[in-house]
Amino acid sequence: MSAYSSSTHINNAKRSGADENTSPKHTGITMTLLLAAFAAVAGTSFHFGYASGIMNAPQDVIQAFINESSHRRSQNSHIGEFTITLIFSFAVSVFAVGGIIGGLFGYFITDRFGRKGGMLLNNIVSTIACILMFISKPLYTYELLIIGRFFIGVACGYGSSVAPTYINEISPKQLRGTLGVIFQLGVVLFIFVSQAISLYPILGSESKWHYALGLPIVFSIVQVVSLMFVPESPKYLLLKKDNIEQAEKALKWLRQHSDLQHELDEIRDEEAHQEKSIRWIDLFRTPIVRWALFITIFLQLSQQLSGINAVFYYSTVILQSAGFNKQAAEYANLGLGGANIFVTVLSIFLMDRLGRRLLHLIGIGGMFITSIVLFISLMISSTAVWNKISLIATFLFVAFFAVGPGSIPWLITSELFNQAYRVPASSIAVLVNWSANFAVGLGFKPLFTGVLDKYTFLLFTSFLLVFFVLTFFFVPETKAKTVDEIYTELNAGQVWRRSHAEHCHDRATTYDGNGIGHDNIMALT
């Protein structure tokens, strides 16, 4: 027990019966807070988004490189088209294998070196990855491309755990949702950047594609420089390192004011209720934590098994199957990235207004409907009208993903656990997420171009229906709530009734006669 434990009961007594309005009003977004959030995503979500989209447009060029590399080793060797497709699919999906490894080691690195220290170390891995992918072409060694994709996956796997954790811990409670979307915004922004850069006239040609794969080394440099100016997580400093002086200094820098007592008391309350040393197995021993982990796991699966990565990885192939020529499919793919960015930005303003649960239900429900339309349009792709419908359905599919499943699983994961459980729970979330990512990346193209053909999308449709039902009955609203408040709601049961009642209450009380949201104004002052 730390020195702060003795004051916990006094602080609790002082705050008993108080509502959220008694907390300090200095809980808005500051430039220093934005800088810290940017530093967190620069070398994590930027890499994640870029690596997710960069292999899409130049598929034919990279497959030709694989064939040429094999031929140069032996003039008599010949690998069939199916083998080339399998090697390319493995190069795409090994990214997710690396993500699994990065997620597994994430718990130990983040706990030992801190959030900031872990992100700094992570850039060593991403730099090595970029170099390997770049030199694969001049050396005519496609194995280096695969190894580089594996290492960038390791970096992205760890980054997808540590960055949301860091952003959650530096954010005021009222702004966790808004700032929590920044990680996903970085992902979708750089999916778009990768789609633009990998177009044939830019860096997608036979002589330039390796420059596109080596370019993300810039993200690592930007993050290392940015992290030099931002502090470690105040929660990590106080709860893990027991360093109140550095924690207060970090919090003061982030908030740009000295009225920190209320926020420090909340962190101390969390310390009083947490266990000092938590292992993965401990997540399964406490019933309420086990239940929160179950919610985390199916939310992560709802993101990956929704079919979105099939669209991101192979949208060019999908649109060509719908009747578009290759160039039109590539530019339509670029439009998908733009739509993804637009809706993700829109969700920033909705996240702390409508809440996580409702947005996730809207996203999953919309994807379910549009996946059915997309399937029908692919089956009847011989007419110009249905070609347009398939394009519209694909755009809406991506848009609904951005509304809910794109960012909410990671955000809720960080909100369902206290400091002690958050890192191991995030590691398991990464493991589940990237395992599903790997399965989709490896299996979709062989299924879509072979065994199941266009019926492949019906698999995703059925998954979406299951996830909608699970979300409706089991996922609580976590907006502006402490972990204890969330667990109380879970223990009480009937999450769907309580969440509906809260949503109605928010609509009745959040706005005044002029339609102005008082809570949101307070959060931004």
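A Cβ is built for glycine as well, from the same backbone N, Cα and C atoms used for every other residue.
Listed in TrEMBL:
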DOMAIN    37-479  domain 'Major facilitator superfamily (MFS) profile'
REGION    1-24  region 'Disordered'
TRANSMEM  31-50  transmembrane segment
TRANSMEM  82-108  transmembrane segment
TRANSMEM  120-140  transmembrane segment
TRANSMEM  146-167  transmembrane segment
TRANSMEM  179-203  transmembrane segment
TRANSMEM  209-230  transmembrane segment
TRANSMEM  288-314  transmembrane segment
TRANSMEM  334-351  transmembrane segment
TRANSMEM  358-380  transmembrane segment
TRANSMEM  392-412  transmembrane segment
TRANSMEM  424-444  transmembrane segment
TRANSMEM  456-475  transmembrane segment
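Proximity of distant same-chain residues to the transmembrane segment (146-167), defined by a Cβ-Cβ separation under 8 Å and at least 6 residues beyond the stretch ends, is recorded for 36-37, 40-41, 43-45, 47-48, 51, 87, 90-92, 94-103, 105-107, 109-110, 115-116, 118-119, 122-123, 125-126, 128-134, 136, 179-180, 182-183, 213, 216, 233, 410-411, 413-414, 422-423, 426-427, 429-430, 433-434. Per-stretch counts of Cβ pairs under 8 Å to the transmembrane segment (209-230) identify 31-50 as the leading one among 31-50, 179-203, 334-351, 392-412.
Sequence-distant contacts of the transmembrane segment (120-140), counting only residues of its own chain at least 6 positions beyond either end whose CB sits under 8 Å from a CB of the stretch, comprise 43-44, 47, 65, 68-69, 72, 102, 109, 113, 147-152, 154-155, 158-159, 162, 209-211, 213-217, 219-220, 223-224, 227. Between the transmembrane segment (358-380) and the transmembrane segment (424-444), fewer than three CB pairs separated by 6 or more residues in sequence fall under 8 Å, so the two stretches do not touch. Contact between the transmembrane segment (424-444) and the transmembrane segment (179-203) is absent: fewer than three CB pairs lie under 8 Å, with pairs separated by 6 or more positions in sequence. The stretch in closest packing with the transmembrane segment (288-314), judged by the count of Cβ pairs under 8 Å and taken from 31-50, 82-108, 179-203, 334-351, 456-475, is 456-475.
Sequence-remote contacts of a segment are chain residues at least 6 beyond its ends whose Cβ falls under 8 Å from one of its Cβ atoms, and for the transmembrane segment (334-351) they are 53, 177-178, 180-182, 184-185, 188-189, 191-192, 195-196, 199, 311, 315, 359, 394-395, 398-399, 401-403, 406-407, 411, 479.
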